[in-house]
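Report on the structure given below.
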Amino acid sequence: MTLLDVLVPFPVVLPLAVGAIVLALGERLPKHAPEALGIAAALAVAGLSAVLSRGALDAGTPVYWFGGWEPRPGVTLGIAFAPDPASAGIAAFIGLLFAAALVFAWGFFDEVRSTFNVLMLLFLAAMQGFCLTRDLFNLFVWFEVMSVAAYALTGFSLKRASLAGALNFTVVNSLGSMLMLAGIGLVYARAGALDFEAVREAVGRAGHDPVIVGGFCLVSVALLTKAAILPFQFWLADAHAVAPSPVSVIFSGSMVPIGLFGFAKIAVQVFPGSPDAGSILHGLLFGVGCATAVVGGLLAWSQRHLKRLLAFSTIGHIGIMLTGVAALSPVGLAGALAYLVGHGLVKGTLFMLVGVLLAEKAGVDELNLRGLGRDIWPAGVLTGLAALLLGGAPLGLLHGGADLVSAAAPDGLAGWAMHLSVLVGTALTGGAVLRFAGRVYLGLGPDPGDEAEAPTDEEQEKADRPLWLMLAPCILLLGIDVLVPADLAEHMAARVLPQFAHLAAGSVAVPPPTGWTAVEPWLALLGAVAVAGVALFRDRVPRILPAAGGMFKPVVAGLNRLHTGVINDYVVWMALGVAMFAAWATF
Amino acid sequence: MSVLPWVVAAWLFGVGVYGIATSRNYIHLIGCLSVCQSATYVLLLGIGYDWGAGPPIFYDHPPGTPAVDPIVQALVLTDIVVGATVSALLLAMALQVHKREGTLDPQEIKPLKGQ
C-alpha cells in the first residue's frame with residue numbers, strides 16, 4: 001500500500017474530526033478559533049484531494065477498500081473509495097470553495113458560531129465522500145448527509161422566510177432521496193452488488209431489463225432533483241434566496257452542480273451497458289437540458305430579488321452542463337466538468353458579492369438598491385467582471401468548459417437546438433447580472449419611483465464586517481477563473497476524463513477550433529450586453545427593442561407564477577417528472 | 001418473490017405522495033412523507049426476502065443454511081436512522097414556523113411575500 005492509498009479516506013475523515021472537536025469544545029474555544037479551524041480544515045481537504053487527483057493521474061486510480069474487505073471472485077461485499085483524477089479534482093475545488101465561503105463568513109454569526117462551522121464541516125465531508133465513493137449505497141449515504149446539513153443550514157437564521165424555504169427544500173429533496181433508495185434497491189435486485197464495477201458488469205449482461213431501467217430512472221430523478229433540472233427545480237430558488245449568503249455560495253457553487261456530477265458519474269461508471277439508459281440520456285435528457293438552459297435564463301432575467309436572480313441563473317447553467325453530459329461524447333463530458341468548476345468559481349463569487357450588498361446596504365432588491373452601491377465600487381467592478389464571464393466572455397476556465405460543451409453538439413437539428421439554447425441561456429443570465437451591476441453600482445436605468453415596493457422581507461446580514469475581508473475571497477475565486485487559460489482547462493479536462501469514464505488513456509482529444517466555436521462566445525457576450533443595455537437604457541434605444549423584450553413578458557410571468565412557493569404544487573410537478581421518465585422508458 | 005410487496009410499495013408511495021400534494025397541515029404532511037419512506041422499506045425487504053429462509057443469524061445454524069439477504073436489511077436500518085433525522089428536523093422547523101406565523105398551512109407558508 002503506497003502513501004497515496006493511505007491518504008484516500010482523509011478528505012472525509014479530516015473535516016469530520018475537526019467538526020467533532022469544535023463541537024465538543026464549543027464555547028471553551030477562543031472567539032474566532034472555530035472559524036480558523038474550519039478554514040484550515042477546508043484548505044487541508046483541498047490540498048489532500050488535489051494530491052490524490054495528481055497521484056491518480058500519474059499512477060492510476062487508487063482503490064481503497066474500507067476494513068480490507070476486498071472483493072473475492074463473484075462476491076463484492078466491501079465498500080471502496082476510488083478517487084479518479086476528475087472526481088478528486090472536483091473534490092479539491094469543493095474544498096477551495098468552502099475555504100473561500102468560510103473566509104467570507106468570518107464574523108457572520110456571533111452567538112452560534114461553532115454550530116454553523118460544525119454544520120459546514122459536515123457538509124464538506126459529505127461532499128468529499130459523495131465525490132470519492134464507488135459504492136451505490138455509500139453514494140446515497142453521503143447524499144443524505146449532504147442534504148441534512150444543507151436543510152439545517154438553509155433554515156439556520158430561523159426567520160419566517162428561511163424556515164419556509166427550508167421546509168420546501170427538505171420535503172422535495174427527501175422525496176428524491178427515497179426514490180434514490182428505491183432505485184438502488186431495484187439495481188441491487190438484479191446485480192446482487194452495490195459496488196460500481198460489479199454493478200456495471202451485471203448491467204452489461206442484463207441488456208434490456210425493465211428492473212435495471214427502473215432503477216436508473218429513480219436514481220437519476222433523485223440526482224437531477226438535487227441538480228435542479230426541469231421539472232424538479234422548484235425548490236432551488238426558494239432555498240437559495242433565504243439561506244445565509246455563505247451557504248448560498250456553497251449551494252450554487254458546489255451542491256447543485258455535484259448533483260449533476262453524481263448523475264454523470266453513475267451514467268458513465270454504472271449504466272454504460274444499458275441501451276435504455278443511453279436512450280433516456282441522449283433523447284429525453286438532452287431535450288430537458290436545452291429546456292432547462294432557456295427557462296433558467298428567462299427566469300433569471302425576470303427577477304429583481306438578486307439572490308433569486310442568481311439562483312435561476314444557476315438552473316440555466318446546470319441545464320447547459322446537462323446538454324454536455326447528454327451529448328454522449330467524451331468531449332461534452334470533459335466540457336461539463338470544466339464548466340462545473342468555472343461556473344462554481346464565478347457563481348460563488350456572485351453570491352458573495354450579493355452578500356456584500358446585504359451586509360453593507362441591507363437590501364437584496366435590484367430596484368431599491370439603484371445607485372446605492374457607488375461607495376463600494378470595488379464590489380461593482382467584480383460584479384461586472386463576473387457578469388461578463390457568465391455571459392460567455394472568451395476568457396478563462398468557464399469559457400474552456402463552454403467551448404468543449406459546444407464542440408460536443410451533435411450534427412443536424414439537435415445540434416443547432418443545443419447551440420441556440422446554450423446561447424440564449426448564457427446571454428440572458430449574463431445580461432441579467434450585468435443589468436444588476438449597472439443599476440446598483442452605476443445608478444443606471446429609469447427611476448422606479450413608487451413602483452419600488454419590494455416583494456421581499458426586510459433583509460439584512462451582519463454588518464460591520466471589513467469590506468476587504470469579504471472581497472478577498474471574491475478576488476481569489478474570480479482570479480483563478482480568469483488566470484487559468486481556456487486551452488489549459490480544456491487539455492486538463494481531456495486528460496482527466498479517460499479514468500473517469502473508463503476510456504483508454506489519451507483517447508480524448510480537444511477538438512480544433514471551428515468557425516462556430518470562435519463566434520459563439522462573442523455572440524453570447526453581445527446578447528448579454530444587449531439584454532442589459534435594453535433594460536438600462538430603455539428610453540434611448542430604438543423603441544422596437546423593449547417592445548421585443550415585452551413579447552416574452554407573458555411567458556415569463558407564467559413561468560414565475562408556477563413558482564408558487566407552495567410545497568403541494570412542487571410535489572405534483574415532481575410526480576409529473578417521474579411520470580415523464582416512466583413514459584419515455586416505456587415507449 | 002411474490003408480486004405483493006411490489007404492489008404494496010407502489011400503493012404506499014402513491015398514497016403518500018397524494019397526501020403530500022393535498023395536505024393543508026405541515027405535521028400531517030410530514031406524516032405522509034414517512035408513509036412514502038415506508039414504501040421504500042417494503043420494497044427493499046421484499047427484494048431480499050426468500051420463502052422458507054431463516055433470519056441471517058448463524059449463531060445456532062451451520063453456515064450455508066438458507067437465510068434472507070442481510071444487506072437490504074442493513075440498508076433499511078441505515079436509512080431509518082437518516083429518516084429519523086430528517087423527520088426530527090422537519091418537525092422542529094414546522095414548530096418554529098407555527099411559533100412565528102401561527103399557522104401550519106403549507107399554502108400560507110411562503111418564502112417570498114406575494115408569491
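The chain as shown is numbered from 1 upward.
In case you wondered, yes, glycine gets a Cβ from its N, Cα and C as well.
It should be emphasised that the depicted structure is a prediction, and the values quoted were computed from it without experimental measurement.
Pulled from TrEMBL:
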type	residues	note
DOMAIN	A:134-420	domain 'NADH:quinone oxidoreductase/Mrp antiporter transmembrane'
TRANSMEM	A:6-25	transmembrane segment
TRANSMEM	A:37-57	transmembrane segment
TRANSMEM	A:86-109	transmembrane segment
TRANSMEM	A:139-158	transmembrane segment
TRANSMEM	A:170-191	transmembrane segment
TRANSMEM	A:211-237	transmembrane segment
TRANSMEM	A:249-268	transmembrane segment
TRANSMEM	A:337-359	transmembrane segment
TRANSMEM	A:379-401	transmembrane segment
TRANSMEM	A:413-434	transmembrane segment
TRANSMEM	A:521-537	transmembrane segment
TRANSMEM	A:570-586	transmembrane segment
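Packing against the transmembrane segment (A:86-109) from elsewhere in the chain are residues 11, 32, 35, 38-39, 42-50, 52-53, 56, 116-117, 120, 123-124, 127-128, 131-132, 244-247, 249-250, 253-254, 258, 261, 265, 337, 340-341, 344-345, 348, 352, 355, 461-462, 464-465, 469-470, 472-474, 476-477, 480, 496-497, 499-500: each is 6 or more residues past its ends and has a CB under 8 Å from a CB in it.
Same-chain residues lying 6 or more positions outside the transmembrane segment (A:570-586) and placing a CB less than 8 Å from one of its CB atoms are 168, 171-172, 175-176, 179, 210, 213-214, 217, 220-221, 225, 230-232, 234-235, 276, 279-280, 283-284, 562.
Sequence-distant neighbours of the transmembrane segment (A:139-158) (same chain, 6+ residues past either end, Cβ-Cβ under 8 Å): 116, 119-120, 122-123, 125-127, 129-130, 133, 165-167, 169-170, 173-174, 177, 180-181, 184, 222-223, 226, 239, 242-244, 247, 251, 255, 262, 266.
With a cut-off of 8 Å on Cβ pairs spaced 6 or more residues apart, the transmembrane segment (A:379-401) and the transmembrane segment (A:37-57) reach fewer than 3 such pairs and are scored as not touching.
If one looks beyond the transmembrane segment (A:37-57) by at least 6 residues along the same chain, the residues whose Cβ comes under 8 Å of a Cβ in the stretch are 4, 7-8, 10-11, 14-15, 18-19, 21-22, 83-86, 88-89, 91-96, 98-99, 102-103, 117, 120-121, 124, 128, 131-132, 495-496, 499.
Beyond the ends of the transmembrane segment (A:249-268), by six or more residues, the same chain brings 87, 90, 93-94, 97-98, 100-101, 104, 120, 123, 127, 130-131, 136, 139, 143, 146, 150, 196, 216, 219-220, 223-229, 236, 239-240, 243, 277, 281, 310-311, 314, 318, 321-322, 325, 333, 336-337, 340, 343-345, 347-348, 351-352, 355, 500-502 to within a C-beta distance below 8 angstroms of the stretch. Within its own chain, the transmembrane segment (A:170-191) has Cβ neighbours under 8 Å at 136-137, 140, 143-144, 147, 150-151, 198-199, 202-203, 206, 209, 211-212, 214-223, 225-226, 232, 234-235, 270, 567, 570-571, 574, 578, counting only residues six or more beyond its boundaries.
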